[in-house]
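A.B. asks: Shown below is the structure under consideration.
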Amino acid sequence: MPAPKLTEKFASSKSTQKTTNYSSIEAKSVKTSADQAYIYQEPSATKKILYSIATWLLYNIFHCFFREIRGRGSFKVPQQGPVIFVAAPHANQFVDPVILMGEVKKSVNRRVSFLIAESSLKQPPIGFLASFFMAIGVVRPQDNLKPAEGTIRVDPTDYKRVIGHDTHFLTDCMPKGLIGLPKSMGFGEIQSIESDTSLTLRKEFKMAKPEIKTALLTGTTYKYAAKVDQSCVYHRVFEHLAHNNCIGIFPEGGSHDRTNLLPLKAGVAIMALGCMDKHPDVNVKIVPCGMNYFHPHKFRSRAVVEFGDPIEIPKELVAKYHNPETNRDAVKELLDTISKGLQSVTVTCSDYETLMVVQTIRRLYMTQFSTKLPLPLIVEMNRRMVKGYEFYRNDPKIADLTKDIMAYNAALRHYNLPDHLVEEAKVNFAKNLGLVFFRSIGLCILFSLAMPGIIMFSPVFILAKRISQEKARTALSKSTVKIKANDVIATWKILIGMGFAPLLYIFWSVLITYYLRHKPWNKIYVFSGSYISCVIVTYSALIVGDIGMDGFKSLRPLVLSLTSPKGLQKLQKDRRNLAERIIEVVNNFGSELFPDFDSAALREEFDVIDEEEEDRKTSELNRRKMLRKQKIKRQEKDSSSPIISQRDNHDAYEHHNQDSDGVSLVNSDNSLSNIPLFSSTFHRKSESSLASTSVAPSSSSEFEVENEILEEKNGLASKIAQAVLNKRIGENTAREEEEEEEEEEEEEEEEEEGKEGDA
């Protein structure tokens, strides 16, 4: 959805003729007639409900097209007050605003009204859907271009100067109007008109395509459109924001499929400053939004919407905008701030080759992590690596690394193998042959399950592909900034699916109802049940198809390991070497460019794979297993002895270790204060009968009498010794319990690691 091209309006005719880089800036004061023509009205409850229903419905439909839609930084979105959502890059024509509206609605429950071109509103499906979202229509001058009399060409020495033949520039054209070329090859804004056959443009035509340059140098027909007064649009936006509502805008002006951002239009800055200038008590905040896609035009791809930090507009900047002499500087300053905010939430590259190299660097850098990184973190990693690559690309290490990465990518294309499947293929002929066989059987089963849904929905697939490709060719012929016009493909695929899927379900339901016409069933129930069944079958085919495609992609490296094992081994070796070099380079240069980059913390958080660390863990686990086995044997040995009570254990312990008690106490406490002077050498009389059957048969009456006498004399010492012994046994028991708990935890970790390895 494009942003309006805004024109500046000054009070005097003299100021109207000034030339500036921001000729699209409108004056801070809006026409009084426009103010009176539009009066803001709060949307009715019905409109709000329809907005919520339409957003929820389309957002879930888009979830069928995209495999995953994620939001990041939604907590930064203000929950109150006027907000302008500035989104870029505009890579999906009518998909972008719906995804953004859905994320905002889901996170902070706020409604966003997008600015949309009036020409788009005239398209039946787009205009119908836009009516539910309270969109604001904008008339663009280029949409009003009409053929004019005569032909034009540019001066070879000055491309801004246009020379006319049989033209009437003085009567047919006006300053700040548009001169357009045929076949949508571009347009330019008139700066001044010297005569009927000569005028000067503010900026020269874009001559990126050879046919455009040839036409302008040899002569061509042209179109003209008068300047459009956008004061009504301004006033409507100002009032919308003044009532604490949200506006959405794509400041690039139109959708495109380039890898970098287009120059931002000044309209978004004027909207924010103009609203705060007209309503001093209003505080407008601007939230940059990054629309990040992985293959935006492909079915079942992924999308990430990232919200940046809100941009606060200082009162000093509003005062600067209020002054006619400095208002352009204020707009430029705010526009630069918005541009920096967008760059912080988007991934942009200078060319496609750079993007491919950076994505390979990111993928190979991630090989050190044993856990899967979240999608928003991958986007942030892409963004930082793009910035780092652009900054250090002339470094000899980076240049050599780039050369090797491009060679590796060429090898991947040669084998038609994606990078993430290279390491999965192991050169084991018998095992891989079995895997290919069993996975092929599984794929056949999945294919048979998905086949009914595929057959039922195939007309929509075919129609959507053909129409979207035709729309892409049309859009490419009318644009000077698109590369392949992939930005319109997803939009038309979704629109065709939304329009024809219900019709197709009705068609199949009618056939089923007709087939079952002889059954004594209610026809309405049969039709309704058939319709619901068609929806369930096709959606199930979608889910099963995802699983099947993942399995089908995994067959390629297995087949390659059977047919070209040496080539696969070399590819795996090159990948490992590249990964080691990339990890070293990123860790070295990353901390220099980004102070908050901490590779150690990243490694710790995502459980980095380290061979030395794994060996250490394995050794520790083996040691604990050995201790556990020894403990089990000791327990079995103890259980076979005739000791049947804890007290007997204590007595046996005293009987066998009485000589070492004192030494152990000295060694442990390094003190003599708690060592008993008299140890309990013999058993108590009350225990003698039990001890005689469990420890030793020799216990004469003399010894028993002597034991009683000693116990009477040395009862205190005996109690102290017994207390110390109990304490030691308790400590040993607690220590053993702790070791058992640690061993159990280690066993659980081993089981989890084994399951992850199997997965």
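Placed from the backbone N, Cα and C atoms, the Cβ positions cover glycine too.
Quick paste of what Swiss-Prot says about this protein:
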TOPO_DOM  1-48  topological domain 'Lumenal'
TRANSMEM  49-69  transmembrane segment
TOPO_DOM  70-434  topological domain 'Cytoplasmic'
MOTIF     414-419  motif 'HXXXXD motif'
TRANSMEM  435-449  transmembrane segment
TRANSMEM  451-465  transmembrane segment
TOPO_DOM  466-493  topological domain 'Cytoplasmic'
TRANSMEM  494-514  transmembrane segment
TOPO_DOM  515-523  topological domain 'Lumenal'
TRANSMEM  524-544  transmembrane segment
TOPO_DOM  545-759  topological domain 'Cytoplasmic'
REGION    613-667  region 'Disordered'
COMPBIAS  647-659  compositional bias 'Basic and acidic residues'
REGION    684-705  region 'Disordered'
COMPBIAS  688-702  compositional bias 'Low complexity'
REGION    729-759  region 'Disordered'
COMPBIAS  736-759  compositional bias 'Acidic residues'
A.B. asks: As a quick check of your reading of DSSP, tell me how many residues in the topological domain 'Cytoplasmic' (466-493) are helical, how many are strand and how many are coil.
C.D. replies: 20 helix, 0 strand, 8 coil
A.B. asks: Six or more residues beyond either end and a Cβ under 8 Å away: which residues meet both conditions relative to the motif 'HXXXXD motif' (414-419)?
C.D. replies: 360, 363-364, 553, 556-557, 560, 564, 567-568, 571, 575
A.B. asks: Report, as numbers and ranges, every residue of the chain located at least six residues beyond the topological domain 'Cytoplasmic' (466-493) whose Cβ falls under 8 Å of a Cβ in that stretch; write 'none' if there are none.
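C.D. replies: Sequence-distant neighbours of the topological domain 'Cytoplasmic' (466-493): 65, 90-95, 183-186, 206, 208-209, 212, 254-258, 262, 296-299.
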A.B. asks: How does the topological domain 'Lumenal' (515-523) divide up by DSSP, counting helix, then strand, then coil residues?
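C.D. replies: The composition, in the requested order, is 2 helix, 0 strand, 7 coil.
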A.B. asks: Do any residues of this chain, six or more beyond the ends of the transmembrane segment (494-514), have a C-beta under 8 angstroms from a C-beta of it, and if so which?
C.D. replies: 61-62, 65, 94-95, 125, 456-457, 459-460, 463-464, 467-468, 523, 526-527, 530-531, 534-535, 538
A.B. asks: Go ahead and report the DSSP secondary structure tallies for the motif 'HXXXXD motif' (414-419): helix first, then strand, then coil.
C.D. replies: 3 helix, 0 strand, 3 coil
